[in-house]
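In what follows, a single structure is set out as structure tokens and then discussed.
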Amino acid sequence: SPSTSRQQNQPQGHYGLTSPISLAPPSDKDHFHTQKLIDAMKPFGVFEDQEELYHRTTVLGKLNNFVREWISELAESKNLPPSITEQVGGKIFTFGSYRLGVHTKGSSDIDALCVAPSHVERSDFFQSFFEKLKNLEEVKNLRAIEDAYVPVIKFEFDGIEIDLVFAKLSLPTVSDDLDLRDDSCLKSLDIRCIRSLNGSRVTDEILRLVPHLENFRLTLRAVKLWAKRRGVYSNIMGFLGGVSWAMLVARICQLYPNALASTLVNKFFLIFSKWDWPKPVLLKRLEESFLNLPVWDPRVNPSDRYHVMPIITPAYPQQNSTYNVSVSTRAVMVEEFQRGLEVTDEILKGKSDWSKLFEPLNFFRKYKHYIVLTASAFTEEHHLNWIGLVESKIRVLVGNLERNEFITIAHVQPQSFPGNKDLYKQSGYVSMWFLGLVFKKAESAVKTNVDLTHGIQSFTDTVYRQASALNILKEGMKIEATYVKRKQLHYFLPAGTLQKRKKQRVSDISQNNSGLQCKRSALGESCSDGSKDRDSRTPSNSSSLSKISKLDISTAETERLYVFEVVGGMWFLTSWPNSKSQVSPTEMEATVALRTSGPPVGCTIPGYNTVCQLRTCFVQGQHKLSGTLITDPKSASPKQHYSPTSK
């Protein structure tokens, strides 16, 4: 069976852990290239100055005192004896880039861990501590993500971005000299606390396992800069996060313990461009413990056999840090490893310089087909909560798309973009993400239509259900997914984002006899009756999704402009492509963007209990989109008509 075959193919023993490949001392040429590498990185601000370092240290000191104060107040509120209240303690530990010593100038956040004694519950952290943070003048952009794999509170403290996770120990007090490297601190903890503690424990173990700390740090700075410039630095989006990149670099340092950074960067691309995935990357042998916690082991755990790019943490309990990686994101990263090898080979041969390695990926010229994912909300606070949830689920959309038999790559750009001015006026606060698609080449000249409706609807259902379960779903929160071709991207992106883009014209749509006046982008939004008085910032009662019905992936590149009008609850196609050749509605391909309400049945937005379903009707001489209204029988009239722009 396939499962048996996969199990037999898993690496056995200790997964090929080997002794160093090379112990050769560095040459003068290695020193020369390492200095050139440093010079190439300086313009990007990867080296922090002393003033910033002092500011971060001060912020962490204030945060540590703030945590201790909160824990003490909480002990008093729970009527603990005064002898315990005075000594409960509490401590902030750092991990990630800051703890590794590779934080960058100006933009790098700090990963921190709040360790509390046994009387503090996780609910206290996300409720009373969250409220206490909200009242601090220095705190901005505060938001909690409780449903994350490692629950976290994100905020800015005096200009420094903080990602704070929580763990309580089975101890009545937390002393200042607490050492988290001892496995006994994990005793009797729930899995979320263990995951939170692992951040600090893994970071300390990485630092212990690398042979030469400064060479490791410089190489990691280079690799992280490269990964960000090439758009493959994002754990939440299915690429690699900071700890995964650190472990890959640490493994190269183990294999070449005497090498300088320039050589290590080249060997990094050499090794991992040829790595036999899903063979795992480990820094040390898997260990057992008296605690008997679950560890990553595909020989024991069936689910571990389906991880496509395992990189295993060195601290107990060992886990795969790349569980979010999909087939598509791994393919994108391997392609970038191969490019990195080619570039660094040229550099070391004197045919190029290090700046070429850090040239950014031109994502918006790479693909012919894209999906624009838009998340919007009425208020800034709601928007921060909403985009945090949507962003954490985008990898679900990538997984849905790559399972489509006609799609080979679904590549998400980790960076989000603000919505254009029209979107701001209509929906309040807007953020957009872009996904590039690669379709399989058609085996014949016959046009192929690809239906992505199910994958996108499944993604939006997941987001809305999660938002409803977390009680953060508010009126005005919307998701829209729109299919566009490369030449239409400039309608969505901020000015100057696209490189070498061709100038394009947007056709004006004249006002029709009924007073309808519309100006929409290349994938037309539904038009509203201009004679009706309505607030432009008030959307429909439901969150909406521009979903795709049968995307045409033929070689035809005719640009289309679709406009839909809603009349009496019915959707009518009132405009079709403006092109040099006359295209009649009956000849037009079924490449239309449909707008339908977002929340699935069972998810409600305050003040709204209806869900609209759309179906496509192709009538001779006319394309008609009709709406079928499903109402809450307790609150809605059976004759109520659906309109996307009014309640």
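Cβ atoms here come from the backbone N, Cα and C positions, even for glycine.
Annotated ATP binding site per TrEMBL: Phe95, Gly96, Ser97, Thr104, Asp109, Ile110, Asp111, Asp163, Lys224, Tyr233, Gly242, Val243, in sequence order.
Taking the Cβ of Asp111 (ATP binding site) as centre and 10 Å as the limit, one finds 27 other Cβ atoms among all the protein chains shown. Per TrEMBL, the feature Mg(2+) 2 binding site maps to Asp109, Asp111, Asp163.
Taken from TrEMBL, the feature domain 'Poly(A) polymerase nucleotidyltransferase' covers 16-210.
Annotation source TrEMBL lists domain 'Poly(A) polymerase central' at 215-359.
Residues annotated as domain 'Poly(A) polymerase RNA-binding' in TrEMBL: 362-420 (among others). Under DSSP, residues within the domain 'Poly(A) polymerase RNA-binding' (362-420) fall into helix, strand and coil as 27 helix, 17 strand, 15 coil.
For 425-500 (among others), the entry in TrEMBL reads domain 'Poly(A) polymerase RNA-binding'.
Sequence annotations record features per position, and here TrEMBL assigns region 'Disordered' to 1-29 (among others).
The region 'Disordered' annotation in TrEMBL covers 521-549 (among others).
Residues or ranges marked as region 'Disordered' by TrEMBL: 628-647 (among others).
The transmembrane segment feature in TrEMBL is assigned to 231-250.
For Gly242 (ATP binding site) paired with Asp163 (Mg(2+) 2 binding site), the C-alpha to C-alpha distance reads 13 Å.
Residue density at Gly242 (ATP binding site): 24 other Cβ atoms are found within 10 A of its Cβ, drawing on all protein chains shown. For the binding-site residues listed here (Phe95, Asp163), the lowest count of other CB atoms within 10 A around the CB belongs to Asp163.
Considering only the binding-site residues Ser97, Asp109, Asp111, Lys224, the residues lying within 10 A of Asp163 (Mg(2+) 2 binding site) on a C-alpha to C-alpha basis are Asp109, Asp111. Cβ atoms under 8 Å from those of the transmembrane segment (231-250) belong to residues 96-97, 100, 102, 111, 199, 202-203, 206, 209-210, 216, 219-220, 223-224, 264, 268, 272, 281, 283, 311-314, 321-322, 324-326, 328-329, 332-333, 336, 360-361, 363, 391-392, 394-395, 398, 412-415 of the same chain, restricted to positions at least 6 beyond its ends.
Those same-chain residues not listed among Asp109, Asp111, Asp163 yet with C-beta within 8 angstroms of the centroid of the Mg(2+) 2 site C-beta atoms are Gly96, Tyr98, Ile110, Ala112, Lys154, Glu161, Ile162, Leu164.
Shown in sequence order, Val46, Ser97, Val102, Tyr233, Gly242, Trp245 are the residues of the chain, 6+ apart in sequence, with a C-beta less than 8 angstroms from the C-beta of Lys224 (ATP binding site). Annotation for the binding-site residues Ser97, Asp109: lowest Cβ count within 10 Å of the residue's own Cβ, Asp109.
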